[in-house]
Amino acid sequence: MKEYRPQEIEPKWQKVWEEKKVFETPQYSQKPKYYALVMFPYPSGTLHVGHVKNYTIGDIVARYKRMQGYNVLHPFGYDAFGLPAENAAIAHKIHPKKWTMDNINTIRGQIKKMGISYDWNREVITCNEDYYKWTQWIFLKLYEAGLAYKKPGAVNWCPSCQTVLANEQVKDGKCERCGTTVTIKHLEQWYFKITEYAEKLLEGLDKLPGWPEHVKTMQRNWIGKSTGAEVDFPVEGLDKKIRIFTTRPDTIYGVTFMAIAPESPLVLELVTDEKRKEVEEFLAKVALEDRFKRTSLEAKKEGVFLGRYAINPLTGERIPIYVANYILYEYGTGAIMAVPAHDKRDFDFAKAYGLPIKQVIKPKDGEWNIEEAPYEEEGIMVNSGPFDGLESKAGIEAVTKYMEEKGLGKKSVQYKLRDWLISRQRYWGAPIPIIYCDKCGIVPVPEKDLPVKLPENVEFLPTGQSPLTLSEEFKHTTCPKCGGPAHREVETMDTFVDSSWYFLRYVNPKLEDRPFDTNDVNYWLPVDQYIGGVEHAVLHLLYSRFITKVLHDLGYVGFDEPFQNLFTQGMIYKDGWKMSKSKGNVVSPDDMIEKYGADTLRMYILFMAPPEKDAEWSDAGIEGVHRFVKRLWNNYYKMLDIINASDVEEAEFGREEKALRRKLHAMIKKIKEDIEGGFKFNTAIAGLMEFNNQLSDYLESVENPSKKLLREIAEKISLIISPFAPHMAEEMWHDLGKETLIVEERWPDYDEEALKEDEITIVVQVNGKVRGKVTVPAGFTEEQIKERAVESVKKLIEGKQLVNTFYVPGKLVNIVVK
Ligand code: ANZ
Ligand code: ZN
């Protein structure tokens, strides 16, 4: 019998697929389209099995859909700009481009050995000029639309990465990439106005039933929409007003102080002379503190009285004004009306500074001791003059309406989302296509002058400034408007800009005069299935949606959501840790392929856990799957031996054959449902394992196996496993005598008829007299048949004692009663 040698058959079939160009996707086809996309990697080294999981899942989807008659687009590329390349340049004196391209070559080789069905003609590399030219074009389009602008301000600075970070790249006050505590710097930087799309980005989520709920929730929370009111509190004795934002206008009768953010210019405008020194000292102290810690819910509440009072516009009460550390300057209006009875932070502050706590909302039922804890829920308004008795919701409306009528305030919607800071003080990114001219000011680079190329010979030094700053050749240019001397923007774009549109470029990767063709992208997009890590929930996935919506509104694409369905896969751990070079716990796909073959590795990755769950790598686990793969192979070639033996007679289907055929079709049904019902590849493979055992039993126990049945099983098995273990499937199919490639065949459907169990009808006698009939599955045991027979005559024998039952196989049951 033929031995299983993955090291021979895998490269062989990979070559055939390549030569026959089977994975090259026609731009248009009669078949329905299907765009299967995996998040492209950052080429920072070699891939480990965790990365490969992503591509394996994508490949199952792509191959399965292809075998269901779809025109499948399944491309691959590299998110090739970014810091690690530049850090490697500084550390090893190797140019970022060389470092990146070397890594890409390694990764490409690794993936090809996995047998992933990519259309390699569509490979996209974001650091290539023919790509970043169009990233710059997108910048210009946003600039023209007023959606890219430059402003000074406090920005997040990573001292280790030596560059600014977008808010989305700061996790719990730390750099998302390197974990260093983020500090604040004051810089003039470029932003994309993603806030203008806050509402559209929220609304769009409701049209994405194919996204996991938790990812949508993360995006909703990140956008952070709050509805409430802005109210003006006049300052006593000054011709000034403090504007606040509140989500709880129903609590306005409970305001006992006001609080302003330390960064607000209002603080120094309002403070009295007596209090000035104390306040200035407080501001100096806060300025040194970590902004993220300072405003966290748990942080100690601190502040200083400004010596000044405001007037509550509804009650006319005098309200002391404080500067307080827990107020964010960038949110709402940077000032609040404080209601300690109903807000925890205000409560803590009031307790610390001995300020009154006045209850104005009470629970619908029961009492609440407001001195002990704030009551933060909605309830019934009390101590609120004409509004007493209203429920919070109605109260919010009534108070807001009243204020609007009196010109005291107005309804307001606020978002937590901030504009996307896209400048980076680094070399290895797409240069921002902007020129500064002393005469003309900010001048965008004309489209015809794109790309603004990165100069090759620059020095890489960890200075905190872009190396482009030091490149005279790059910096000096002429103004496109007036022709006078001018200089270029020396900062580059966040790499998340590169990855916010790569899925469009795959459609027309070689187009020279446009980033993509509108008709072509309208045909291929939205992406039918996107697969990647959940860590991008509010980064890449939000930015891509934003850029798509902008391109849609500018008329370049006809759809406004890029990804119809999203699947987030779990990670692979080793020895309880995320795989990383520094932990030394990386499992390399190359080693596994050498040892077991790519088909085993693919099967193991899919079998180890539900693909959305994190899973722990186990050497014993892959061993086990490898043994299964070999058993399956052996059964297959045992079947082929029987099928091809001339001295074996064709036998009729007996009971065993019918039962095995039923199991075959039940398995096809199960695997189909597992795949289509949501990526249940692990149970699909378990189903295959179970069937393989049943097949073994049959082959071992039956003397004269049916050739016809074995031929059907062999055919179906190879087709079924083709998306999972494509090389082995191809080899089996070929050895079965087929002249086509299995990848171009249809995935099998199950035979509804075969699923039906055979039935037999049994006569039921009581004390020897015929009393009826029962129909039971042919596979029933004697015990089961007798049980059914007794059940069918239950009424007749009620109250009598059952003495015995006799069974004449396939014919009758006689029940003896007294
Ligand atoms: C009075 C009040 C009474 C409030 C009450 C809450 C409960 P979200 O849901 O996050 O939008 N706030 C407003 N601007 C702030 C800022 N810049 N820094 C810190 N806190 C700020 O929260 C809105 C609420 O957070 C606002 O409603 C305000 O406090 C506070 F029983 O106003 B509230
Ligand atoms: Zn000029």
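Placed from the backbone N, Cα and C atoms, the Cβ positions cover glycine too.
Keep in mind that TrEMBL annotations are predicted by a computer and have not been checked by a curator.
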Residues flagged as motif ''KMSKS' region' in TrEMBL, choosing from 28-32, 408-412, 513-517, 578-582: 578-582
Range among 41-51, 96-106, 470-480, 701-711 that TrEMBL annotates as motif ''HIGH' region': 41-51
Top partner of the domain 'Methionyl/Valyl/Leucyl/Isoleucyl-tRNA synthetase anticodon-binding' (658-779) among 40-179, 220-404, 416-618 - counted as Cβ pairs under 8 Å: 416-618
Within-chain partners of the motif ''HIGH' region' (41-51) [C-beta distance under 8 Å, separation at least 6 from its ends]: 78-80, 82, 84-85, 100, 103-104, 106-107, 110-111, 571-572, 578-579, 581, 586-590, 592, 601, 605, 617
Conformational class of LYS581 (ATP binding site) under the three-state DSSP mapping: coil
Other C-beta atoms that fall within 10 angstroms of the C-beta of LYS581 (ATP binding site): 11
